[in-house]
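To keep things clear, I will list the structure first and then write my remarks on it.
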Amino acid sequence: MKDADIVGQSLAEVLPQTNKYWFQQKHLLQLNLLLLVPLLSSSVAGYDGSLMNGLQSLPQWRDYFGNPVGTKLGLVNAAQSIGSVVILPVVGWASDRWGRRLVLLAGIIGVVLATIIQATSTTLAQLVVSRLIVGAAGMLVVQPAPMLIAELAYPTHRGKYTSAFWTMYYLGAILASWTCFGCESIQSSWAWRIPTIMQAAYPLIQAAFWIWVPESPRWLVAQDRVPEAMAILAKYHAGGDVNSPLVIREMSEIVDAIRMEKEIETPGWGALIFPYSLRSKGLTCELLSIYVSLVIAAFTNPIGLENLGWKFYIVFCCFLVVILAVTYFTFPETKGHSLEEIVQIFDGPQVARNVEESEKEVKKGFEVEATEKIERV
């Protein structure tokens with residue numbers, strides 16, 4: 001069965017069989033359009049991360065801020081990453097405490113406010129402060145987004161959406177580069193203020209549609225709001241049918257996995273990444289390593305290029321070879337498993353519970369209440 005290779009045998013058995021494409025099914029079309037909102041978070045990061053490179057190529061920007069060089073220029077470049085690193089320890093906890101949606105909204109608002117501060121900058125100090133805020137707020141946008149996508153997406157679409165997440169980074173990076181290029185001929189400070197203002201474009205698009213993005217069903221289950229989670233899955237995965245075998249199976253796996261994780265006092269090393277209870281914290285660790293590396297690179301790249309020239313790129317290539325080897329020889333394959341089944345890859349099949357019993361529990365306890373909540377979702 002083709003679907004079994006994508007989502008695993010358990011979910012493949014209950015997937016609805018239809019000849020229609022996803023865009024011909026109203027509930028899947030609606031879900032995939034709404035998932036574009038968190039997907040744009042990567043584009044926000046791409047624009048923010050590439051903007052300073054473009055601005056520094058503009059003589060109008062350099063002249064306005066006194067041609068910063070050396071440590072000053074390094075601080076301007078690293079400020080965004082520093083802001084991201086500073087707030088990272090809090091983001092994972094916040095995503096688990098208040099949910100993916102609220103943290104995402106806080107980040108969207110923060111990036112817009114930081115854009116205003118940066119666009120109105122009159123001193124280098126104000127610019128650095130604005131970049132620090134952009135980094136912190138941008139992390140609130142980026143951290144919960146891939147989790148929200150993975151935990152909401154239709155099973156057969158999850159891999160495609162999660163793969164597209166960081167690819168969308170370049171949509172933001174390209175827009176930043178071309179905006180700076182297009183404003184190069186403006187003979188005033190607007191040459192760099194306009195690209196800076198455009199930094200708020202993607203967040204404003206997200207803000208316009210955020211209200212319709214549902215919360216993660218897995219987060220709702222973890223908060224003991226099971227009927228709400230079931231209502232969301234029924235509406236977006238089964239067109240409102242709470243009796244759908246797919247919805248029942250998904251809910252049973254989610255309830256079972258989260259209950260099991262709460263019962264296990266010492267999870268295995270693999271649990272850092274995949275199970276729900278540590279998923280947010282695991283992603284935070286990943287992002288922390290990325291942005292610490294960016295801070296280091298912002299200061300060391302100019303030094304390395306000055307002393308080694310093109311040979312400095314060999315250092316980067318060596319890192320890529322090491323990463324390739326580690327990934328190939330040590331990373332397990334997660335294809336063909338649902339989010340809840342992946343824990344078995346690390347901790348073994350003994351952690352699995354009886355899904356059929358969980359299905360009976362879900363059917364018995366939550367169908368009626370979920371039906372009532374669908375109208376409000």
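Quick reminder: no glycine exception, Cβ is built from N, Cα and C everywhere.
Annotation comment: TrEMBL describes 28-47 (among others) as transmembrane segment.
Taken from TrEMBL, the feature domain 'Major facilitator superfamily (MFS) profile' applies to 34-377.
Summarising the annotation, TrEMBL assigns transmembrane segment to 75-95 (among others).
Residues annotated as transmembrane segment in TrEMBL: 102-120 (among others). Sequence-distant contacts of the transmembrane segment (102-120) (same chain, six or more residues past either end, CB-CB distance under 8 Å): 38, 41, 44, 48, 91, 94-95, 126-127, 129-131, 133-134, 136-145, 148, 193, 196-197, 199-200, 203-204, 206-207, 210, 213.
According to TrEMBL, the transmembrane segment annotation covers 161-178 (among others).
Panel annotation: around the transmembrane segment (190-213), residues 34-38, 40-41, 43-44, 47-48, 51, 54-55, 58, 60-61, 64, 101, 104-105, 108-109, 111-112, 115-116, 118-119, 134, 141, 148, 172, 175-176, 179-180, 183-184 of the same chain, lying at least six beyond its termini, place a Cβ under 8 Å from a Cβ of the stretch. The annotation transmembrane segment is assigned in TrEMBL to 190-213 (among others).
The transmembrane segment annotation in TrEMBL covers 283-304 (among others).
According to TrEMBL, the feature transmembrane segment maps to 310-331 (among others).
Within the same chain, residues 32, 35, 39-51, 53-54, 145-146, 149-150, 153, 195, 198-199, 201-202 sit at least 6 positions outside the transmembrane segment (161-178) and bring their C-beta atoms closer than 8 Å to a C-beta of that stretch.
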